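According to TrEMBL, the signal peptide annotation covers 1-23. Taken from TrEMBL, the feature domain 'Gnk2-homologous' applies to 30-133, 143-252. Residues or ranges marked as domain 'Protein kinase' by TrEMBL: 339-546. Taken from TrEMBL, the feature ATP binding site applies to K368.
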Amino acid sequence: MASRRAPLPLLAIVASLCGAAVSQESKFTNSISRSCSTTGNYTDGSQFKKNLEQLLSTLSSAASSNDWFNTSTVGTGPDKVFGLIMCYADSNTTQCLNCLALAPAGITTVCPGSREVYALYDACVLRYSDTHFFGDVVTYDIDDSVMFWTLFQEATEIDTMVQARSRLMEELTKKAGDLPPRLNYYSLPYKDPLLGTDVISGLAQCTRDLAPSECNRCISVYTRRASILFPNNSGGSIKGYNCYLRYKLGALNITMPPQRTPPTPMPRITDSERLPPSTPPTPPSIFICLFVWRRRNRNKIFEDGDVFDDELAMEDDFEQGTGPKRFRYRDLASATYNFSDERKLGEGGFGSVYRGFLTEQNLEVAIKRVSKGSKQGKKEYISEVRIISRLRHRNLVQLIGWCHAGGELLLVYELMSNGSLDTHLHDVGNILPWSVRYEVILGLGSALLYLHQEWEQCVLHRDIKPSNIMLDASFSTKLGDFGLARLVNHGQGPYTTCLAGTMGYMDPECMVTGRTSVESDIYSFGVVLLEIACGRRPAVAREGEE
Ligand code: ATP
Ligand code: MG
């Protein structure tokens, strides 16, 4: 692919040649660098062009409304096109949204016919290609051919500044890739009497498709290069197509992408069965609840009981609110080639999960098809739609929609392209780097904090285990599967219920008393931590393996 591109000159833009002050940074806000492939060009009216246009408009709208980052694909075979867009964290909201709108809109004019483009703007980066590139660092980013600028004004106390800067760079390099937004910013004290600044600040950012190790690798190349490019300078920046490093004397204005707006909450569940008084279970209730059904190879146990039969009532409930939407069965069937085995991502106790492509939304999704006739499956389906659809957090798998029609129950989730943690911990040949394990733990902890403390009610998940912990394209952690979840009021004591969960991950106290609580979830969290650290499943879960 690189051979198709015009040779890229060294894109070193050295600016502010005559003692620029910090205020002159605005001079660089229009800087742009791009690389357009020049051979094998697409033609007007070609399928590739149509796919590209669709991709560019998706990138623009998806990134503007969602975390200021998006990767998308459109089309199939040789006409398939892959795209990525992301804002830099030191641009403000207006600059970012302008860039997300204008960059895709103008790129086909500045790179006519190109099947591969890398474009850097002051506020965002845009890339598209006819070959898969997500997760790969562009070679230019590691070579010399990246764009940089520097403020030539010297720091007053050069030695002290250089020392502070190298400590700053160390911090930035250590952690840039370790956090899900692939972004780290930091300030250290350094007083410059002439410039009137008190701190030295830095930002390291990578595109979010990169694995933590790749991001750290790219940033560490930049930090080494920074000390050569900017010996005494009061500021400097190196910008590549995947990574970005910047430092300056004084504070940096960092704008984090907005959290997704939570949808209007759906009507409260009035079902008293879900919020019983927290009295200890009487012996007969324990007897009934301890009816254990072993799931095929899963050792999962769950409460027995009636399921809701009134699908129309369900529909009324679900339809309200602005979150997930109801899908037509035929759209979901066609998205998965009629639930074909080739599209199957995995199978649980109550159904199978398929990879699907929704043409209308131009979106890849995971579709869970609940086994027909399973009462527990139906119960989990209802619980899942009612609970997860009301929650929004970057570490929770998002429910996009549902469908119950013709005896089928289907749940549509955002696709987690790196599957579940389970496979990464236990499949032969998969070695999960420690930095990713660390990040998974942080992400899971953050999801639990949200569920237990930060939402309007306390959400007990009750089935925390590696197959319910998903990893997205950039290995960010997302907790999924809310089929057994229950809502309780904050401060309420343990919730008396029948048993639910997966053997090996369940709190033994909960198994004895039948009372579940925040602590029971934390017990399961602890078991998962051990599994992440040792790479071994808990004893009971191992027993059930084939
Ligand atoms: P259980 O029935 O006890 O929950 P399980 O977690 O293995 O068992 P499912 O929840 O049905 O079963 O999920 C089956 C598999 O499908 C998961 O292990 C995972 O690999 C895959 N999967 C589920 N949701 C997604 C998703 N959103 N994106 C990608 N893969 C998914
Ligand atoms: Mg599951």
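Note: Cβ is positioned from N, Cα and C throughout, glycine not excepted.
Remember, predicted model here, so these are calculated numbers, not experimental data.
Across the domain 'Gnk2-homologous' (143-252), DSSP helix (H, G, I), strand (E, B) and coil residues number 39 helix, 42 strand, 29 coil. Reduced to three states, the DSSP call for K368 (ATP binding site) is strand. In the predicted model, residues of the domain 'Gnk2-homologous' (143-252) average a pLDDT of 84.
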